[in-house]
Structures are given as structure tokens and as C-alpha cells.
Amino acid sequence: MAAFGSLSTRLTDSLAKLRTKGKLTPSDIDGTVREIRRALLDADVALDVVKDFCARIRERALGAEVASSLNPAQQVVQIVNQELVAILGGDQRRLELAKTPPTIIMLAGLQGAGKTTLAGKLAKHLAGEGHTPILVAADLQRPNAVTQLEVVAGQAGVAVYAPEPGNGVGDPVKVARDGVALAKSRQHDIVIVDTAGRLGVDAELMQQAAKIRKAIDPDEVLFVIDAMIGQDAVATAKAFQEGVDFTGVVLTKLDGDARGGAALSIRGVTGRPILFASTGERLEDFEPFHPDRMASRILDLGDILTLIEQAQKSFDEEEARRVAEAMLTDSFTLEDFLKQLQQVRKAGNFKQMLGMLPGARGLKDAIDGFDEGEFARTEAIILSMTPRERKQSKILNGSRRLRIAKGAGTTVTEVNQLMQRFDQAAKMMKTVAKGGMPNIPGMGPVPGAHGMGKRQPKQQVSKGKRSGNPAKRAATPVQAPAQQGSVFGGGQAAPDLANMSPEDQAALQKMLGGGR
């Protein structure tokens with residue numbers, strides 16, 4: 001996650017130095033704690049939080065649990081991880097739903113924190129869990145706030161109550177109260193009230209928010225805060241806690257170039273848990289906040305559970321079963337390939353998903369160099385084919401490939417590269433479907449899979465002369481696998497995973513279905 005990029009790098013580098021030592025001395029511990037303290041302060045974490053955090057780490061690291069450990073360095077990493085989980089909130093706290101619907105959720109925060117978009121994200125998330133939310137437009141101050149909420153509601157596919165045009169017209173307290181009454185009459189089980197923000201904390205803002213809270217008596221008051229505001233997060237959170245008193249926090253813009261101090265400070269300063277995090281511009285870029293998973297991401301230990309959850313939301317189980325059968329019967333087509341590609345794109349930000357793998361920090365250059373635009377270019381090439389060509393790729397001669405390239409706005413070379421990648425993917429998927437696991441370039445054989453360890457025959461590269469016929473040359477596959485990148489698109493070559501630590505490789509192999 002981008003917000004913790006610099007902090008994550010500095011923490012993992014500091015802890016990595018301990019792995020080169022056998023027995024740890026008090027001097028080693030003190031040096032590491034100093035580096036951790038500097039990293040946290042540079043990340044805009046509140047001073048009181050930093051002091052308490054470092055004191056607990058030092059006390060535990062100098063204690064018996066490290067001294068008696070067979071791997072002291074790893075024990076220190078575990079201590080840091082546990083203390084990170086603690087300052088992020090400990091156990092995950094879910095929304096507390098009302099015993100008698102509707103559950104009323106009020107959003108509060110400064111202008112620019114992303115409350116209105118967040119309202120749509122939260123509504124879409126709750127609708128996906130089987131609820132019937134309605135959005136209430138009680139932000140009547142900011143220009144076009146009501147219109148924006150109506151647009152967001154349409155994108156999320158949820159109802160919206162917006163009786164006033166906004167832009168300074170209307171009574172927000174009455175709108176909020178009437179919105180709750182409407183939700184009850186129409187059987188909506190969740191009401192999300194979007195309230196006005198200001199460019200800074202002021203008495204008028206607090207008074208209006210307090211009046212709305214008193215009028216609707218919400219079950220949850222969520223303080224929406226921009227993760228990029230740094231040290232101001234503490235003062236803003238305290239002001240809202242005193243003026244409105246919120247029950248939980250939502251962090252926005254965690255995908256931005258922020259230091260992440262707000263996330264690490266907010267719980268310690270206010271005592272209120274972080275419930276959700278917004279990680280991108282799309283409505284789907286929204287997730288429940290898990291302190292343990294976030295701590296693992298910060299320490300580059302991976303977040304496989306969130307990765308799996310995101311994939312499960314996007315991948316159709318029935319479609320996956322059909323594709324598996326196609327692989328087994330050797331009938332995997334470009335049509336199947338296109339559907340798989342579209343499901344991968346639907347899953348969300350691919351770079352973010354790669355960043356959830358254990359040891360992803362060591363693959364930073366490869367991940368940063370990954371061009372997600374290749375997904376769109378690959379999709380354009382396949383969509384430029386006729387249905388018959390997608391089902392019978394063997395008929396793609398030179399003239400057909402030339403027509404496809406023109407239709408997709410690309411070159412014949414790129415069409416050839418795609419076809420070669422498709423053939424490689426089809427062979428690999430067929431092997432996996434039959435219970436085997438091919439040797440993945442850069443990783444070597446995957447333990448725990450059938451057929452592992454078998455030496456693969458060396459591919460012979462044809463050295464024949466090029467045809468003088470342009471159509472035949474166009475149909476000739478390009479022998480440049482190293483430059484072709486991933487199966488789904490060109491761009492960067494697949495990252496070399498051979499240099500990952502044994503622990504990271506084991507975790508990755510487990511995720512892929514290998515190992516035990």
C-alpha cells in the first residue's frame with residue numbers, strides 16, 4: 001500500500017540487519033529501536049504513540065522471550081508485528097448494526113476528505129453483503145455536493161434521498177431526519193447520512209454536525225479522515241471527538257503518496273477503532289480494516305487473506321469450473337482467455353494485488369514497472385477477432401493477423417506475441433488442470449505438486465530463413481519470450497522470484513496451491 005511505502009521500507013531494512021546477527025546484544029536492540037523511532041517520526045506518527053510503541057518493543061526485545069529464542073531476530077520481527085497490530089487497533093471492529101432496522105450511519109469530517117465518494121463506497125460494500133442501504137444528502141453547503149452524491153449513488157446502484165438542491169439552500173437537520181423516516185417507510189435497513197465539511201475545523205461545522213447527530217441518533221458516527229494530512233490528523237481527530245464524538249474511523253486515500261502517520265496515530269490518540277480503508281478511486285477500492293493484515297503489509301509479510309477475498313469477489317466459480325474442464329479437454333480458446341482476462345481486470349488494481357504477496361517489497365521495481373495498460377491492449381486485440389477466430393486460433397494466418405492488428409490499433413508483431421503467450425498459457429494451464437505444476441521461469445519447480453523435478457526439454461529455436469511473403473512473415477511467431485512480459489500483456493518481464501527468501505517462497509507456493 002502506497003501510504004506506507006517509505007515507512008515499510010525503513011522498518012524492513014532495520015529489521016533485516018538483525019538477521020545477519022546470531023545472538024542479539026542490548027546495543028543491537030537499542031540501535032534497531034532508534035531506527036524504528038526515526039522511521040515512525042518521519043512518517044508523521046504522533047510523538048506520544050511513537051514513545052509508547054518503542055518503549056514496549058525495547059522492553060520485550062530485551063526480555064526472556066528473545067534471549068531464549070532459537071532465532072532472536074525473527075522473534076524481534078514478531079514483537080514489532082504484534083505491537084503494530086496493537087497500535088492499529090488490535091482485533092478488527094465491524095459495524096454495529098441496530099437490533100431494530102434501520103441502522104443509521106452518520107459521516108463526518110473535513111471538506112476534501114472524500115466523504116461523499118466514501119458514502120457511495122460504503123453503500124456498495126454493504127449492498128454486496130445483502131443490505132439495502134439508502135444515501136441521504138445532508139451536505140447542503142459544498143457546491144454540487146448533492147449532485148455528486150446522486151451520481152455516486154447511481155454508480156453504486158443504491159437509493160438516494162436528496163430533496164434539496166444544496167449549494168447553501170435547505171435545512172440539513174431536517175433532510176437528515178426526513179431521510180431516516182423515509183428509510184423506515186421503504187424498508188431500507190441501513191441509512192448513510194452525508195454531512196457537510198469545511199476546509200478547517202470551526203465552531204459552525206461542529207454545531208451543525210452535533211445538531212444532526214442529536215436529531216437522528218445514529219448507531220455509528222464515522223469520522224472520515226484523509227490519510228495524507230500528516231500531523232494535522234491528530235488535531236483534527238481530537239477536535240471532532242470533542243465536538244461530535246465519533247464511534248469509528250474511515251481512512252481515505254491510502255493509495256496516495258502519504259506517509260501513513262494518521263493510520264498509526266488515530267487509535268492511540270482517540271481510542272476509536274479504524275473500521276474501513278479507501279484504497280483507490282473506484283467504488284470497489286474499499287475494504288474493511290484489519291489491523292493484523294495491515295501490520296503484515298507494513299512489515300512486508302504479505303496479506304494473502306485480503307488478496308484471496310478480493311479474488312473471490314470477482315471470479316465466477318461456475319465460469320472457473322467450465323474453464324477448468326476446457327483445459328482438461330484441450331479446448332481452451334481465446335474466448336476463454338478473454339473471459340479470464342476480464343475477470344482479472346475486474347478484481348481491481350493488479351499492482352495493489354501483487355503488493356499483497358509476501359516479500360513484495362523486494363519485487364518493487366518489477367511491480368512498479370508492470371503496465372496495467374497491457375490488459376486493455378490485449379483485450380482490444382482479442383475483441384478485434386471474429387467469434388470463429390477466437391474459437392479456432394489455428395486459422396489466424398498472416399492476412400487475418402494484419403486485419404486484427406489494424407482493428408486493435410496495434411502491430412502484427414504484438415498480435416504474434418499475444419498468440420505465443422496464449423499458446424504457452426494454454427499448455428501451462430492444461431498441465432496444472434491435470435494435477436501437474438510446470439516449472440515457472442524464475443521460480444523453479446514448485447514443491448508439493450505432481451510431476452515436479454522433471455527436466456524440461458530444451459526448446460529448439462528455428463534458424464530457417466525468413467519467408468519473402470509478408471503474410472507468412474506476419475504469421476511467424478516472434479521468438480522473444482524474455483521481452484514479452486506476462487501472459488496477459490507485454491510490458492515488463494515476469495519478476496525473477498528465485499532470490500526470494502525460503503519463507504516468502506513457501507508462502508507464495510502455498511497460495512498457488514503447492515506445498516503443504
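Every residue gets a Cβ built from N, Cα and C, even glycine.
The shown structure was predicted, so the numbers you read here are calculated from the model rather than taken from an experiment.
Sequence annotations record features per position, and here TrEMBL assigns GTP binding site to 109-116, 194-198, 252-255. Taking all protein chains in view, 17 other C-beta atoms sit within 10 angstroms of the C-beta of ARG198 (GTP binding site).
Mean pLDDT across the domain 'SRP54-type proteins GTP-binding' (273-286) comes to 88 in this model. Residues annotated as domain 'SRP54-type proteins GTP-binding' in TrEMBL: 273-286.
Annotation comment: TrEMBL describes 444-516 as region 'Disordered'.
Within the chain, the domain 'SRP54-type proteins GTP-binding' (273-286) has long-range Cβ neighbours (under 8 A, six or more residues past its boundaries) at 1, 88-89, 93-95, 114, 117-118, 120-122, 124-125, 152, 155-156, 222, 248-255, 263, 266-267, 294, 348-349, 352. The binding-site residues under consideration are GLY109, GLY112. Their Cβ neighbour counts within 10 Å are lowest for GLY112.
Secondary structure from DSSP puts GLY112 (GTP binding site) in coil.
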